C-alpha cells in the first residue's frame with residue numbers, strides 16, 4: 001500500500017513538474033522578446049544583464065526560502081507544500097500585474113487598430129513559420145545556436161559541483177555557501193558583461209560583443225584548471241575555493257547578456273523574436289541535457305571513480321578524496337573542451353554578423369515602407385498629405401553605380417520611396 005501511494009505521489013509530482021516546465025517555456029522567450037523590444041542596441045546588453053541578475057538572485061532566495069520551509073508545518077500543512085502554493089500565488093499576482101500594466105510596444109497604439117490590416121490566425125501562423133524558416137537560414141543565427149549548444153554544456157555539467165565539494169570534505173552548509181557565492185558571482189558577471197557589451201558595441205560595432213564573449217569563454221579554461229586541478233582536495237581551503245569560484249562565476253557568465261541575446265535581436269525580424277528565442281533555447285536545452293551523463297561516464301570509466309562506500313574510518317576518507325579527484329578531472333574535461341569550441345565558434349561571427357545585421361536593417365526598412373503603402377491603399381489616405389502645409393517630400397537619389405546582386409534591396413527601396421512619393 002505504501003509503495004502504491006509513493007508511486008502515485010511520484011506521478012503527481014512528475015505531472016506538476018511537466019506543467020511547470022511548459023509554463024516556463026512559454027514565459028521565458030516572451031520576456032526576452034519584450035526586453036529586446038523595449039531597448040535599443042546601445043542599452044540592450046545592460047537590460048539582459050539585469051534580467052539575468054534578478055533571475056539568479058530570485059532563484060537563490062527562493063531556494064533558501066524553500067529550505068527553511070521544508071522542515072516546518074503551517075496549519076497542519078507540510079512546509080514544502082506551502083512553498084508550492086506560495087509560488088503559484090506569486091505567479092498569479094505577476095500575471096495579473098502584467099495584464100494590467102505591461103504594454104507591448106508592437107500594440108501600444110490601440111486607438112489606431114482600425115487602420116491595421118487584419119489577418120486570420122492561419123495566415124499569421126503561416127507567416128511565422130515562413131519567417132522561422134528564413135531565420136534558420138541566417139548564418140549568424142546558426143553560429144550562435146552552435147555556440148549556445150557548446151557553451152551551455154559546461155553549465156549543465158556543473159550540476160556535479162556540489163557533489164565534488166562534498167567528496168572533498170565540505171559540509172552541506174559550506175557547500176551551499178560556496179554554490180551561493182558562485183551563483184551570485186554569475187549574476188553580477190551577467191550584468192557586468194551586458195554593460196561592457198553595450199560599451200564595446202558603440203566603439204566597435206562589428207566586433208566588440210564578439211571579442212568580449214571570446215574573452216569570457218576562453219577564461220573558463222585556466223580558471224577551471226585552477227579550481228578543479230590546482231587547488232588542494234582539502235576542505236580546509238574553503239576561502240581559496242570560494243575566491244576562485246567567485247572570480248570564475250564573474251568571468252564566464254558574459255556570453256548571454258553581452259552577445260547572444262543582443263545579436264539575436266539585431267539579426268531577426270522584430271515580430272519573430274519570441275519564437276526565435278524559444279527555438280534557440282530548445283536546441284540548447286536538449287543537447288546540454290547530455291552533459292551530466294557524459295561527466296558521470298568520464299569520471300567512472302576514464303578517471304577511476306568508484307562507488308562511494310558509506311563506511312567510517314580512514315579508508316572512507318581516502319576513497320572520497322580519490323573520487324573527488326576523478327570527478328574533478330571529468331568536470332574539467334566537460335568544461336574546457338566545450339568552452340574552447342565555443343571560443344572558436346564565436347570567431348565565425350566576425351564575417352557573418354555585420355552582413356546579417358545590415359540585411360536585417362534593410363529588411364525592416366522595406367517592411368515598414370510596404371506597410372505604409374498598404375495602409376494608404378486600403379484606407380484611401382493618399383490625398384491626406386496633399387493639403388498639409390507641414391508635409392515634406394524627401395527625394396532619395398542614388399549614384400550611377402552599377403547594381404549587382406547585393407544592391408537588389410537598395411533598388412527595391414528606391415522604387416518604393418518613389419512610389420510612396422507619387423501617392424502623396
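Including glycine, each Cβ sits where the backbone N, Cα and C put it.
TrEMBL annotations: computationally assigned, not manually curated.
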**OP:** Out of 47-70, 119-142, let me know the one TrEMBL marks transmembrane segment.
**Re:** 47-70
Original post:
Can you name the far-off residues of the same chain, 6+ from the ends of the transmembrane segment (330-349), with a Cβ under 8 Å from a Cβ of it?
Top reply: 139-140, 143-144, 146-147, 150-151, 153-154, 157-158, 160-161, 164, 210, 213-214, 217-218, 220-221, 224-225, 228-229, 252, 255, 259, 263, 291, 294-296, 298-299, 302-303, 305
Subject >> Within-chain partners of the transmembrane segment (47-70) [C-beta distance under 8 Å, separation at least 6 from its ends] >> reply: 31-32, 35, 38-39, 79-80, 82-83, 87, 180, 183-184, 186-188, 190-195, 253, 256-258, 261-262
**OP:** Compute the average pLDDT of the predicted model within the domain 'Major facilitator superfamily (MFS) profile' (1-353).
**Re:** 82
**OP:** May I ask for the residues of the chain that lie six or more residues beyond the transmembrane segment (238-256) and have a Cβ under 8 Å from a Cβ within it?
**Re:** 48, 52, 147, 151, 154, 165, 170, 174, 177-178, 181-190, 192-194, 196-197, 212-213, 215-217, 219-220, 223-224, 226-227, 231, 339, 342
